[in-house]
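Trainee: The structure under discussion is supplied below as structure tokens; questions concerning it will follow.
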């Protein structure tokens, strides 16, 4: 049983990182997934909490339209002095989310720099992870994460896919270990784009449908 299916879902955090904004494939597919999840859990909440507000709140971060500054010395100093920084808001959005959906294109074998900036702001000792005698421990638990990744070629399972191992490592460091990847590949190859999009949409539908059952 996935973590988000164990209780009613109230909040979904949707982070888009495509340089093309809403026009990016990862943005469009992750939006498709968010819509299906929102509809699913509105229905689930209605059956569990009859007579109660059953809405599913969506918090969206479009890192192209509203870029987050890269972490710098001034920000690190402010955190140490207990002053408010943008990371406070980003961390709270993440903590409040029952489900996290990330739209992540592959750029030069890695994640977009805007997403890396978001990662750098949300990784904070004492807030999203802690140090112990046996090593760091993630503090974000009981959240489901979906990663919709788009690629021009085919990289899944290949040595060239350094993106997914990085994402698994980083998310796991924060305690986010329940991660599902949806791949849209071959998008820049002649005659392969439509199939890549169709496969990703089918995966999205299957994931949401399987969880309902």
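Even glycines carry a Cβ here, placed using N, Cα and C.
TrEMBL labels come from automatic prediction, so no person has curated them.
Feature annotation from TrEMBL assigns domain 'Flavodoxin-like fold' to 10-206. TrEMBL lists 18, 106, 107, 108, 109, 150, 151, 152, 153 with the feature FMN binding site.
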Trainee: Among all the protein chains here, how many other CB atoms are within 10 A of the CB of residue 151 (FMN binding site)?
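Mentor: Summing over all protein chains shown, residue 151 (FMN binding site) has 25 other Cβ atoms within 10 Å.
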Trainee: Should residue 109 (FMN binding site) be counted as helix, strand, or coil on the basis of DSSP?
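Mentor: The three-state answer is coil.
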Trainee: Summarise the model confidence on the domain 'Flavodoxin-like fold' (10-206) as a single mean pLDDT, whole number.
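Mentor: Summarising the domain 'Flavodoxin-like fold' (10-206) by its mean pLDDT gives 95.
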Trainee: Can you check which residue among the binding-site residues 107, 109 has the largest number of Cβ atoms within 10 Å of its own?
Mentor: 107
Trainee: Would you count the other CB atoms within 10 A of the CB of residue 153 (FMN binding site), including those on all shown protein chains?
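Mentor: If we count other Cβ atoms within 10 Å of residue 153 (FMN binding site), we arrive at 13.
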Trainee: Neighbour count, 10 Å Cβ-Cβ cut-off, for residue 18 (FMN binding site): what number do you get?
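Mentor: A 10 Å sphere around the Cβ of residue 18 (FMN binding site) contains 24 other Cβ atoms.
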